[in-house]
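J.: Positions annotated as domain 'Sphingomyelin synthase-like' by TrEMBL: 170-238. The feature region 'Disordered' is assigned by TrEMBL to 280-321. The feature transmembrane segment is assigned by TrEMBL to 29-49, 81-101, 113-131, 166-186, 198-215, 221-239.
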Amino acid sequence: MYIAREASKVWRKVTAEITVELQLLRDKWGLLLAGLIFQYIHGLAARGVHYLHRPGPLLQDLGFMALPELGQDKGYLSESIFSSIFLSFVLWTFHPFIYHSKRFYTVLIWRKVLAFLVASQFLRIITFYSTQLPGPNYHCREGSALATLPPPNSVLEVLLINFPRGVLFGCGDLIFSSHMIFTLVFVRTYHKYGSKRFIKFLAWFVAIVQSLLIIASRKHYSVDVVVAWYTVNLVVFFVDKKLPEMPDRTTGVPLLPLSNKEKEIRLKEERDSKLKDEFHKLLNGNHGDPTDRRQRAQMNGRQHDEDTNHALTEAATANGT
């Protein structure tokens, strides 16, 4: 019975949140769809630059000198951390559907995230098409069959981007790291809208570890990671200023009109909260307005002075007689 009752509560929360989010989605679907379409455009651009890639000797890199090479068999380490960051962030953005405490709307936060990603990826496309560097990854080096691509046989071959193999084994899209774009956008978003200080610290620490593993795995040059760190942070800072601030749901002010039932529930919660406050004031001896207490204290002081003057007058009269 307890499990059934709690499951019913969770289901009511989910359905209520879905109703609210669907109303927001009807208003904001255009920007969200544009952001999702640009993810495909970004993948298409990365696939296109692979046709221009020419392998060559590795460039001199300070990160390669400082960090030992992990080897081709350890390349999964950076990908595993990135997958964990990606999955945990997506789950966190949907937690308002289940948890009672809510700080944001899922539709609105993804609207911001996609805006950050699109702005960063647009700059990335311009950058890696400006200059093609010889890829440091193992499948992009001289002698690898995947380092270069033959001219496409049809437009359809380019448009399909050979997913997912074309995404996993791309070359030429180096400056700046796409993995770091997603990582830094997710970390900065949680830093602003998340509530756990320890997780915020852990997220930044994991982002640093991710950066080092990308370089140690030879998936990017150090410049690709360094440029991502300051570019993405600046992009998020300036784009966030242009976008409207999201309403804070912890204030209890709803973004959308409430139904009659929701209004009754909210009024009942407010009445219960006021009764609890009054009860605590009574227990602590702090009931009443501080102004009233000051006025009563002044009146009591004046009454005390009048009683004292009356007593002195009676004493003087008695001495005179």
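Keep in mind that glycine also has a Cβ here, set from the backbone N, Cα and C atoms.
TrEMBL annotations: computationally assigned, not manually curated.
Please situate the listed features within the shown structure.
T.: Assigned with DSSP, the residues of the domain 'Sphingomyelin synthase-like' (170-238) fall into helix, strand and coil as follows: 53 helix, 0 strand, 16 coil.
Within the chain, the transmembrane segment (113-131) has long-range Cβ neighbours (under 8 A, six or more residues past its boundaries) at 31-32, 34-36, 38-39, 42, 45-46, 49, 93, 172-176, 178, 181-182, 185-186, 188-189, 227, 231-232, 235-236, 239-240, 243.
Counting only same-chain residues 6+ beyond the ends of the transmembrane segment (166-186), those with a CB under 8 A from a CB of the stretch are 42-43, 45-47, 49-50, 52-53, 55, 78, 82, 85-86, 89, 113, 116-117, 120-121, 124, 127-128, 131-133, 135, 137, 139-140, 146-148, 203, 207, 210-211, 214, 219-221, 223-225, 227-229, 231-233, 236.
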J.: Which range wins on Cβ pairs under 8 Å with the transmembrane segment (81-101): 29-49, 198-215, 221-239?
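T.: So the stretch in question is 198-215.
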J.: For the transmembrane segment (221-239), find every same-chain residue at least 6 residues outside the stretch whose CB is under 8 Å from a CB in it, and list them.
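T.: Contacts with the transmembrane segment (221-239): 59, 61-64, 115-116, 119-120, 123, 127, 133, 136, 174-177, 180-181, 184-185, 188, 211, 214-215.
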